[in-house]
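If you look up TrEMBL, you'll see 191-555 marked as domain 'Peptidase S53'. For GLU264, ASP268, SER467, the entry in TrEMBL reads active site, charge relay system. According to TrEMBL, the feature Ca(2+) binding site maps to ASP509, VAL510, GLY533, ASP535.
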Amino acid sequence: MIPPKVSAPNLEPSMTNIFHLPPNQSWVSLGRADPEEELSLTFALRQQNVERLSELVQAVSDPSSPQYGKYLTLENVADLVRPSPLTLHTVQKWLLAAGARKCHSVITQDFLTCWLSIRQAELLLPGAEFHHYVGGPTETHVVRSPHPYQLPQALAPHVDFVGGLHRFPPTSSLRQSPEPQVTGTVGLHLGVTPSVIRKRYNLTSQDVGSGTSNNSQACAQFLEQYFHDSDLAQFMRLFGGNFAHQASVARVVGQQGRGRAGIEASLDVQYLMSAGANISTWVYSSPGRHEGQEPFLQWLMLLSNESALPHVHTVSYGDDEDSLSSAYIQRVNTELMKAAARGLTLLFASGDSGAGCWSVSGRHQFRPTFPASSPYVTTVGGTSFQEPFLITNEIVDYISGGGFSNVFPRPSYQEEAVTKFLSSSPHLPPSSYFNASGRAYPDVAALSDGYWVVSNRVPIPWVSGTSASTPVFGGILSLINEHRILSGRPPLGFLNPRLYQQHGAGLFDVTRGCHESCLDEEVEGQGFCSGPGWDPVTGWGTPNFPALLKTLLNP
């Protein structure tokens with residue numbers, strides 16, 4: 001289709017500034033970037049038919065719908081959301097006039113990544129001023145703008161946001177706890193290993209992938225970290241003796257640098273592959289990227305550019321909702337919706353700061369994180385054993401992220417569960433601390449406390465965080481997909497509508513414990529508390545594999 005002829009865009013800056021918060025304090029400016037330096041920017045083009053996409057997600061994810069499990073292909077999604085010819089033409093003309101080079105699009109045509117010099121980029125986006133920054137645990141170098149940019153008025157209806165200007169790379173919130181003291185070791189475990197997880201969640205040695213289906217799973221991580229195949233092999237030698245497993249990753253998407261292994265990258269791979277044992281596993285790895293790129297955005301674009309993807313993706317990544325522009329958060333939410341329409345199960349860690357805390361006009365409020373707060377992902381909280389060294393019931397891990405979105409309204413699928421929690425919880429924080437009408441999370445949970453990980457050939461104990469619970473839950477869902485695929489059914493897809501309709505059937509309900517929040521006189525560091533049924537600390541609870549398989553196998 002030939003785009004209509006368009007007059008040159010009006011390049012008067014519009015008044016719609018796209019603001020952002022001041023740069024993260026852990027990043028230090030090294031001064032202005034050289035005007036001739038090259039930079040890559042990502043332009044998110046305005047999509048069409050987003051409302052229709054939302055209706056289709058509901059139809060393919062709701063077990064009571066005749067469309068249940070009839071997922072869209074990437075090509076179907078592209079036909080639906082592809083930007084209008086006018087948008088494509090206007091943006092391309094604008095970028096061409098600015099001297100943009102080496103522009104790459106995706107199959108859905110709603111992202112464009114181009115190279116420009118710093119000088120060209122600053123002319124293209126009035127207000128932007130690029131600086132070199134250094135920060136993060138690995139002293140990463142990035143190029144970012146500490147100032148908001150403006151879009152020319154003629155472009156505002158066609159561009160959602162420009163990526164690569166403001167958001168800094170994430171840092172890990174994993175903790176390594178001090179080793180607890182223990183006396184006498186009869187019947188005790190000394191930290192969480194695959195055999196502890198498999199025992200607690202009732203996985204037998206037969207509960208592994210068949211190796212014959214086209215089932216696969218993936219983890220994505222956006223830290224400056226790598227996993228090493230040699231660490232995975234050693235981990236499986238130490239801890240994988242009593243179940244069939246794969247000793248190596250099937251595919252790495254992105255770059256695997258040759259630096260030291262990172263604990264978080266090692267953890268993701270090792271536990272996804274030991275819970276979802278013997279299932280083909282992909283790793284999305286962002287290291288080695290150019291200074292201007294945002295790894296999370298790169299991952300979203302990869303999803304929109306590959307028609308055959310793993311069915312389950314686990315992601316340990318989040319930002320404070322309030323640190324993101326409205327344009328960015330809404331657009332990323334649409335990207336997550338696109339994945340749901342295609343039948344992908346996206347699991348996000350709920351975060352490691354409990355309810356969180358920040359000060360708004362001098363008053364404390366809880367601080368939700370995104371994408372955990374997106375209504376289109378399944379968010380995983382964290383638990384600990386009630387008796388630290390026994391495989392017993394689980395209680396809340398006080399770091400387990402949870403709460404209510406300040407951006408997304410409560411989706412219909414969780415209306416009943418959340419209303420029930422709000423009306424029956426005996427320990428509700430004051431209403432000024434949270435938005436009771438927002439999307440509430442997490443949806444489920446798993447153990448997040450005291451894991452063993454092998455990193456740089458060294459077994460490391462007592463690693464904790466929802467970065468651990470998320471791949472465990474993901475691996476278990478992959479095992480359920482295995483049964484579904486072998487019996488001719490579609491994979492689970494976006495799980496939440498079904499999970500809430502079935503009132504958490506197949507999960508161990510976690511009813512004891514509260515997570516952390518603001519240290520002030522009013523709430524004294526306590527956020528929400530778990531209770532019977534769904535709660536915003538552990539969701540519906542933790543997996544009981546045989547029961548969960550039974551409840552999710554049909555239809």
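Here the Cβ of each residue, glycine as well, is placed from N, Cα and C on the backbone.
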Ca(2+) site, defined by ASP509, VAL510, GLY533, ASP535: further same-chain residues with Cβ within 8 Å of the Cβ centre: GLY504, THR511, SER530, GLY531, PRO532, TRP534, THR538, GLY539, TRP540, GLY541
Candidates SER467, ASP509, VAL510 (recorded positions) with Cα within 10 Å of GLU264 (active site, charge relay system): SER467
ASP268 (active site, charge relay system) as reference: those recorded positions from SER467, ASP509, VAL510, GLY533, ASP535 with C-alpha within 10 Å of it: SER467
Euclidean distance between Cα atoms of ASP509 (Ca(2+) binding site) and SER467 (active site, charge relay system), Å: 21
Fewest other C-beta atoms within 10 angstroms, as judged across GLU264, ASP268, ASP509, ASP535, which are the recorded positions: ASP509
Cβ neighbour count (within 10 Å, all chains shown) around GLY533 (Ca(2+) binding site): 16
CB contacts for SER467 (active site, charge relay system) [other CB atoms within 10 A, all chains]: 31
